[in-house]
Amino acid sequence: MPNSVGKRFKPTKYIPVSTAATLLVGSTTLFFVFTCPWLTKAVSPVVPLYNGIVFLFVLANFSMATFMDPGVFPRADEDEDKDDDFRAPLYKNVEIKGIQVRMKWCATCHFYRPPRCSHCSVCDNCVEEFDHHCPWVNNCIGRRNYRYFFLFLLSLSVHMVGVFSFGLLFVLHHLETLSALHTTVTLVVMCVTGLFFIPVMGLTGFHMVLVARGRTTNEQVTGKFRGGVNPFTRGCGGNVKHVLCSPLAPRYIADPRKKIPVTVTPPFLRPDLSNRHISVKVSDNGIHSNILRSKSKTSLNGMDDKSIDAQPPLPPKADRYNQIKSQLTSSEESSLSSKPTNPSTPAMFKYRPSFGTMPKVHYHATGEKIVMCENGNPSAVLEERSHDYRSEPNLDLPDYRSAPLHRTYQSSPFQLDSFSTTSRSFSLKQGVNRADCTPLGGTKHETITSTPHRGVFSPGTLSGRNSSLSYDSLLTPSVAPSIGECAAHPGVPSMGFHSPYLPTKMCHVRGPELQRHAGPPSYSPVHIGAMYGRQSPLSRERERDPSPVRYDNLSKTIMASIQERKEFEEREKLMHRHVQGYANDSGVFDTAYGLPHGYPDGPRGPASREPTPPVCASRDNLMGYPPRTPVLRSSASSLVRAPRTSTTSLHTDGGGMNRTAELQYRSPVHQSHQSPTSVPRSPSYAHQKVAFISALERADSPHLGTREDIGQGKVNGQLKGQYGTPSGTPSRHTSVKKVTGVGGTTYEISV
């Protein structure tokens with residue numbers, strides 16, 4: 001009945017309840033009007049009193065069962081069930097007293113029905129401890145009204161028994177007057193009572209069994225707990241007591257006609273605080289301090305935004321030209337300084353190498369002269385490509401194989417140490433042109449080399465051959481087999497190299513150490529040529545694998561140098577023609593240059609005075625270097641020109657090998673009409689990388705001066721005392737051509 005309020009009126013559903021109420025009230029009324037007066041006189045006045053009390057009890061329970069809320073659960077709101085409606089499973093199991101009970105999802109009310117709850121199809125509500133929907137009371141029988149329904153059945157049964165019994169007593173005393181009104185009304189009441197007595201008594205007996213067993217009509221009909229244990233039973237007495245004497249369950253829905261505003265203060269709501277200062281304890285690396293912070297929302301949000309939007313500062317942008325100026329005036333002292341010169345970088349950059357912050361590359365001053373070999377020989381580029389791919393990146397592309405050698409002088413943090421190049425070029429001329437000459441058997445060769453110190457480059461930390469330009473390979477560069485040791489003479493190490501990522505002095509450590517263990521070194525051209533032995537280009541290419549480069553680790557200067565190489569290609573070709581033309585006009589082959597007079601070591605050994613095998617002409621000997629001594633000048637004109645075979649050249653390919661095998665080296669005068677490809681090509685840079693520090697610079701006494709001090713005593717790789725030596729060839733210094741390279745570096749080329 002209560003659920004009919006606010007809904008559409010349906011008269012059909014009130015027919016059963018109206019019939020039941022009419023029969024109940026009408027039969028009892030007729031009984032009291034026509035039968036009870038005689039029973040009061042004949043039997044006892046208690047009879048009408050008893051029937052009246054029972055009738056009131058029946059009527060009260062009937063009213064309670066009809067109009068009372070059975071225990072309807074409120075439906076879920078739209079915003080409450082929108083997340084669970086489609087994703088929720090149909091059933092969910094819960095454990096009650098160790099027994100699994102299944103709960104079903106209600107698609108109408110949008111929640112899982114509690115145990116013993118069911119959705120009434122007539123009322124369209126989920127009812128707690130749903131028993132059944134009774135049409136005679138027009139209400140669902142649930143937890144809250146089952147007691148009254150059960151008492152109604154009991155009292156109605158008792159009332160019907162009393163009305164039928166007292167009516168039968170009245171009829172038996174009035175058999176001779178059956179046609180009388182009082183007897184006829186009593187017979188009608190007895191018929192109605194008897195007619196409904198059988199179903200009411202049957203229903204009452206059924207519910208008495210359910211109450212005794214602690215079940216509901218729904219559980220009994222659907223067969224729940226039929227083969228198992230009912231977790232909700234309390235025993236017979238406990239079940240009856242629970243039904244008849246338990247407190248009334250609360251109501252879950254409010255009466256729509258009564259909307260009572262209730263002010264609820266949940267305990268989890270905190271009172272509003274004023275804008276007072278709150279002491280906040282901040283832990284900063286073990287130091288605790290109290291900071292007064294404003295509790296305002298704007299200040300807190302500002303702190304959050306600041307912490308979120310704050311990004312680590314970017315590393316300083318490298319200025320190529322400013323770094324060149326600073327590198328010209330700096331020395332190894334800044335590299336060996338105890339104070340770090342690198343700026344503080346954030347965590348995301350501190351594991352990446354910083355390029356250009358430490359002066360590891362020294363460029364030429366304008367007063368120094370650079371003599372370059374400009375013959376367009378692809379072999380020079382081949383050796384340039386094999387330039388220590390472990391200490392700095394190999395950036396030569398295959399289509400640049402024909403580019404001249406001076407591309408290595410581009411302005412880049414990874415470029416060569418040009419001072420060391422000029423100071424050791426004369427020693428390379430002696431060694432490279434004599435690589436295939438047979439060394440003297442009993443002579444012990446001594447090489448003045450700058451090998452990385454054991455503490456700096458340990459074998460365990462060296463990277464592999466195919467290592468990329470990573471941070472580990474930059475700090476611990478390894479030495480390739482072809483670089484650290486001569487292939488023709490495995491026991492003789494070649495000149496060391498200077499890694500651009502470590503100071504020069506770190507590589508000078510073992511120079512005095514080698515001088516202590518070795519005797520006086522011999523400076524015979526034969527020994528130097530054997531010390532710098534050569535390999536065939538095929539074996540060198542097979543031995544060397546291309547080194548992958550991680551371009552994301554390269555600096556901006558290196559990436560710019562790659563783009564600028566194409567621009568210099570045309571300029572190099574023009575320079576190549578001019579230099580080659582002047583070189584062909586030269587007439588003297590300087591082949592046996594010795595070391596300067598000021599070299600600190602002792603005189604040459606006797607081995608240097610033995611007969612010198614035939615040597616090959618080199619274009620490096622044609623450019624920029626006067627003969628050192630009159631002895632060497634006189635011996636240069638008496639040398640025998642021997643043919644160079646293809647096995648002594650590192651730079652010949654398939655067709656070039658056959659041509660050079662048949663070609664004899666002649667004077668540049670006789671070769672002036674030959675094509676540029678047939679000109680003998682200098683292997684001065686064939687085996688040693690141009691970045692190697694010269695033997696002259698590394699063979700000094702343990703007292704190491706700065707690079708600037710050494711550079712002031714040398715011009716074009718010679719000492720100042722020898723710079724004024726008259727040239728053996730008048731046409732050697734006919735003109736000087738200035739070339740400006742990348743980064744403002746000026747090169748003077750003697751042609």
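Keep in mind that glycine also has a Cβ here, set from the backbone N, Cα and C atoms.
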Both THR35 and VAL209 on the same side of the membrane in Swiss-Prot, yes or no?
no
For a three-state summary based on DSSP, what are the helix, strand and coil counts in the topological domain 'Cytoplasmic' (63-148)?
12 helix, 30 strand, 44 coil
Same chain, 6+ residues apart, C-beta under 8 Å of the C-beta of CYS134 (active site, S-palmitoyl cysteine intermediate), given in sequence order:
ALA65, CYS140, ILE141, PHE149
Do any residues, 6 or more residues outside the transmembrane segment (42-62), come within under 8 Å Cβ-to-Cβ of it, and if so which ones?
20-21, 24-25, 28, 31-32, 36, 137, 148-149, 151-152, 155-156, 158-159, 162-163, 166, 169, 173
What parts of the chain pack near the topological domain 'Extracellular' (170-185), using Cβ distances under 8 Å and only residues at least 6 beyond its ends?
30, 33-35, 38-39, 42
State the residues, same chain only, that lie 6 or more residues beyond the ends of the topological domain 'Extracellular' (35-41) and have a CB under 8 A from a CB inside it; answer 'none' if no residue qualifies.
47-48, 51, 166-167, 169-170, 173, 182, 185-186, 189
